[in-house]
Every structure is written in structure tokens, then in C-alpha cells.
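S.K.: Just dropping this structure here.
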Amino acid sequence: MSSQDLYANAATDKPLMQVKGLIREFKAGEQTIRVLHDINLTIHQGEMVAIIGQSGSGKSTLMNILGCLDQATAGDYQVFGQSVNRLVPDELAKLRREHFGFIFQRYHLLGDISARDNVSVPAVYAGMDGQARNERAEKLLSDLGLADKVNNRPSQLSGGQQQRVSIARALMNGGDIILADEPTGALDSKSGKDVVQILKDLNAQGHTIIMVTHDPSLAAQAERVIEIKDGYIIADYKNEDYQRPAAQPASIIDKHRKSAFGSFIDRLLESFKMSLLAMRAHKMRTLLTMLGIIIGIASVVSVVGLGKGSQEQILSNISSLGTNTITVTDGYPYGDPRRQYNDDNLTPQDAQAVADQPYVLSVSPQLNSNMSVRYRNVQEAASISGVGKDYLDVSGETLAMGQGFDEQSILRRTQDIIIDSNAHKTFFPTIANPIGEVLLIGSVPGRVIGVLEPNEGGFSRSVDTPTLYMPYTTMMSRLIGSAYIESFIALIDNNISSSAAESAISDLMTSRHGTDDFRIRNSDSIRQTIESTTAALTLLISSIAIISLIVGGIGVMNIMLVSVTERTNEIGVRMAVGARQSDIMQQFLIEAILVCILGGLLGIGLAFAIGELINRVGGDSFKVIYSSTSIIAAFVCSTLIGVVFGFLPARNAAKLDPVEALSRD
């Protein structure tokens, strides 16, 4: 029902508020206590009513029901002809927001915001335009003599001034019906008289005033007095001298109402502002709450970054096997019973057949042996590898000095050798450039024509053992006397799928040999294995780090539950001025999300600091590489933690009973 419809009902002879047979009971353990007994009363538009009674008489309970803060156990209560008995909480909030204004004995102002912002709170929930909201709040405060106090917080105001702010707040959305609970109870006599006069003036302007008091002198100021005792109305009479005004207050909220979306954004900003104020008011507690999130996010991001760095380092070392290579090795697959009878199956011709394929860039045959190598008076065991002219290309090795093998080296079976850095240090520790020096390999001399760059951590040769390379034809004929090779490495075109090339080479070799007396190793499969293994390890360690996040989330939930308890009175005030359950839930959920997002950002910053430290201290051994995916995931994760672990406290806040919330300090 719109404001216009409600006013139309009020303009007729129908009562503004009507109570019939109202009963209110409360549970006290296993007992049921009846506070109000068969209450019947009618209040018309523009009346000034005083409900008087001693403490425990039920007058405040009746006021709470009349103000839609509470609902009757039985009976009927109508406002503007509309029954409120079966209205849900948000529908009751709408009535409070658009038609009721509350003046409390203890003022119930929000301590962290200014007088202007306190007065504006009801209009935020009503969807009033921001500029109009501020202008009206300032005008109301000015009309009540507080023009110079609009920016003051409640702690900077006297009791009388705080009560005036409370009155201005009650009028913010129009305040058709003003409910005043002991409005002068906490004031000195002068301030009390001023407040009573303000209420009379408001009544003269057409506002319906309902005061709850135990003071007969205050009740005597009203047009009508309702006496209540032990939950029963014992008297209902009028003061004959009181002149009832005929005017009606204009509806304020309909003139400046925003769109539904604009109103939602306003409420969102209000929730955001209040969340920041709450966080600022408890800085240390907020920081400690964030700590679990900070550590968890930093751990996850650092572990993922370290895993990524390790993976990249390992994969870069695979370049020693070639960028995209397939190695064919002599012998039946492991576990095949034929393996023990025939292991000499690969020939240089097999390597050449593979080299002739269009998807193969180059091939290097290979065979290996361990032999004694001597240079002058230095003799050591070394690994000897016979390789093809394209070995440097397929292996990814690079020369530090000298040259590699060429076609003539293979055809003429030259006794040229290439040594690695270990052999250089072992046999020529004092010779910077050993090119041209001669080593004795067994009984065969070999002339050094090249030295390889150090390849620490690579996969092709031992880190410590000296390794010498010579043309495979030289090794076959001069060192081991064999017509067979142990393996060959094929460098595959990067535009070709390595799995397709592997299948094609397998088919070719099977066709040539008539059987599968060979084994194939794909460097890409090694890469995939390393990637999957690294990912699994990263996931495992991240799972442990995520436990910290969960603990941090539980910490957020605990602190938010404490915050809800501490701010119960604030929640009650917001509900009294018309906040929906969703508004309350939104406010506390935003606070939890803000704590987690801020904790997540600090955690990401800490992870960057840890990564920088590791990169500086670890050198080439450890590298932390951050990806945008992990950072975005961490940010999203911290947000989700705020939503998940902030939901329960936010829901508890939204489900609070307004009357119970207002009664707590």
C-alpha cells in the first residue's frame, strides 16, 4: 500500500491505529507470562496520546507493538486499516521506515557518525536521494536549534542536544506517527520542557504523537491519556483543554525517492562506510583477525610461485635433451622375455632412415662406454660417447670454445674429440684453451677440437664424471669394434605433434625390423611427467597452506560474531528506523569481506616480499615465479572466505529481534 493510499484511509473516519483483543505473552523457561491482556484501543490521525503506567505495567511492550517493533501473540492490530499481524519482518520494516519515528529515552544514536549522518540513516533505507537527504537532515537539525552541531558526534553533544538529534531522526522520513519512550527521562528539567514543547509543536503540525511515560505531569501535556496497569488498560480519557490540530504532515520520502538500483547502491555505500568505521575503531583486533588470512594467502601464493619456478627450471634443463626430441634405444621393452637374447638391433642405417623423414630436422646416433683416459701424468675414468655431426643441435649443448663435428668427421672416422667442462677441469686444470691437446683414450689418441659450456643440472651427462665425445663411427671402429649403435636422438619439427612423430617413428622402426625390438622415449612425455609431478606436489603443499586459510576464516567468523554481539544495540536502532533484514546482513557481510580482501591483499604483498628474498638469497637454485592466475585466484579465494565465514554472523545479526537488540547496551 502506497503512502497516498494510507493517507487517504487516514483522511476518512477510519482510525489511524486500531487494536482489538490484543494479547502479548513471553516464554520464561517452561512458563508463559502474559504481559498484555485483551487490549482494545483506537488512535486517530493527529492525536497526542500519553500511555502512562509504572515499570512492569506493559506500557513499553504496547508501544513496541504499536511501532511494529514487536507483534502480538493474539488479537488484531491495524495501521491505516492494514492488519500487521501476519506481516513478515521486511514488511514491518517498511511500515517503520515510511510512517514511524522513534524517540528513545537513551537516544540510541550511532556513536561513530555525525549528527547529520545519524539523522540521515532512516532516509538511506528509504531510498532518498543523497543531496536531498543531507539538505533535509541539516534543515531538521537547524529547526531544532542544532545548526552549528551538524558535524558533531553524539559524544560531543549534551543530553538535550542528543535527544533533539533523535527527534530529527524520527522526522527524517516524515514521521507520520512519533513514538516517544520516556522522552524526558534522561534530561534535566529545562531540556525536558524543551523536548515536550517540540513534541507539542510537531503535533500542531499534524504529527500523531504517542508518548510512553510514568510521569503524570508529562502525561498531562497530552490530548489523551491511557493508563495501563498489570497489562490492562484501566483508564482512557482526554484533557478537555487540548486543541487537536487538523493538519497532516506531508510524505517526504515519495518526493525524493531514488530508483530501486540507486537506493540499493546508497545502502551498499552506507554499509561500506560503517564497515570501515568499525574496522578503524578496532584496529588491533582487525589486524589480528586478518593475520590468518595474510599467512594463508602468502603461503599459497608463495608455494605456487616456488612450484612454478622449480618447474620452469627443471623444464629448462630438459633442453639438454633437445627442445622436442625422441630417443630410440636398442632392445626389447622392459619385461619382454626376448630382451635377454637379442639386444643388438639398432644400426646407423636405422638412424638415417628416421633422419630422412620430413618431420625430422636432424638425428644423432649414440653409443656409450666407460674407459680410462690419460693426459700426461693425469689418468682418470671417463664416460666416452660416440655421437653424430648433429649432436649439438639435438642435445641442446653449446660450445664454449672450438668447433663441433662435421660430415667429414663421420665419414673419415677422425680421432677428434669434444670434452665437457668436467673433463677440462680434470685433465687441463692449468690450460685455459685445451684445443689441439691430445688425450689417450684407452690406447687410442684423440685430439681436442671443442669444449662444451658447463651444463650443471642437465640430463645428458653426469655432473661430476668427465665426458668425452667423438664421432660414433670412430668409436664403433677404433674403440669397441661394433657395427651397432645403442640409440639415436631425433630432433622433431616444432610444428609437428611429438606424439604423432613418436607413433610414426615406431611404425617405421617396426616395419624395418619386423618387430618392436626397440624402446622410444619422448622428451615431451618427460616434460608432461615433470609438469604433472610438480603440479601434484604444489597442490599437496598448497593444501597444507589452505588449512591456514580455513583457520583464518574461522577467526574472521569468531570476531564477526563478537562484533555482532558488541553492536547489537546499533542493529536494533537500524531496524527501528526501517532497515531490512537484508540491509543488516549486507552490512556485516561486507565487513567480513573487507577484512578478508584486505588480508588477501596484504598476503599477496607478503608473498611478493618472500619471493624477492628467495630470488636474492637462492640465486639460480631457487626461483619464485608468480602468475597472474595464482594472484587472481588468491584474491578470489580471500573474497570467498569473507562470504562463507561472514555469512553466519551476518545472518545472526539480521535475525535479531529489534526489541531485544534495543534493550542491550
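The backbone N, Cα and C atoms fix where each Cβ goes, glycine too.
Marked as domain 'ABC transporter' by Swiss-Prot on the basis of sequence analysis: 17-255. The ATP binding site annotation in Swiss-Prot covers Gly53, Gln54, Ser55, Gly56, Ser57, Gly58, Lys59, Ser60 and rests on sequence analysis. Taken from Swiss-Prot, the feature transmembrane segment applies to 287-307, 544-564, 588-608, 630-650.
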S.K.: Any residues 6+ beyond the ends of the transmembrane segment (544-564) with a Cβ under 8 Å from its own?
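M.R.: Same-chain contacts beyond the flanks: 278, 282, 285, 288-297, 299-300, 303, 571, 588, 591-592, 595-596, 599, 637-638, 641-642, 644-646, 648-650, 652-653, 656.
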S.K.: State the residues, same chain only, that lie 6 or more residues beyond the ends of the transmembrane segment (588-608) and have a CB under 8 A from a CB inside it; answer 'none' if no residue qualifies.
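M.R.: 268, 271-272, 274-276, 278-279, 286, 289-299, 301-302, 305, 552-553, 556-557, 559-560, 563-564, 626, 631, 634-635, 637-639, 641-643, 645-647, 649-650, 653-654.
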S.K.: Which entry in the list of binding-site residues, Gly53, Gly56, Gly58, has its Cβ near the fewest other Cβ atoms, using 10 Å as the limit?
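M.R.: Result for the binding-site residues Gly53, Gly56, Gly58: minimum number of other Cβ atoms within 10 Å at Gly56.
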S.K.: What average pLDDT does the predicted model assign to the domain 'ABC transporter' (17-255)?
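M.R.: Mean model confidence (pLDDT) across the domain 'ABC transporter' (17-255) is 88.
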S.K.: Once near-sequence residues are set aside, which residues in the chain of Lys59 (ATP binding site), 6 or more away, have Cβ atoms under 8 Å from its Cβ?
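M.R.: For Lys59 (ATP binding site), the qualifying residues are Ile51, Ile52, Gly53, Val212, His214, Ile228.
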S.K.: Helix, strand or coil: which one is Ser55 (ATP binding site) in, per DSSP?
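M.R.: Looking at the DSSP assignment, Ser55 (ATP binding site) belongs to neither helix nor strand, so coil.
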S.K.: Pick the one among the binding-site residues Gln54, Ser55, Ser57, Ser60 whose Cβ has the fewest other Cβ atoms within 10 Å in this structure.
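M.R.: Ser55, out of the binding-site residues Gln54, Ser55, Ser57, Ser60, has the fewest neighbouring Cβ atoms within 10 Å.
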S.K.: Using DSSP and collapsing to three states, where does Ser60 (ATP binding site) fall: helix, strand or coil?
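M.R.: Note: Ser60 (ATP binding site) is helical by DSSP.
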S.K.: Can you list, in sequence order, the residues of the same chain other than Gly53, Gln54, Ser55, Gly56, Ser57, Gly58, Lys59, Ser60 whose CB lies within 8 Å of the CB centroid of the ATP site?
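M.R.: Other same-chain residues with Cβ inside the cutoff are His214, Ile228, Lys229.
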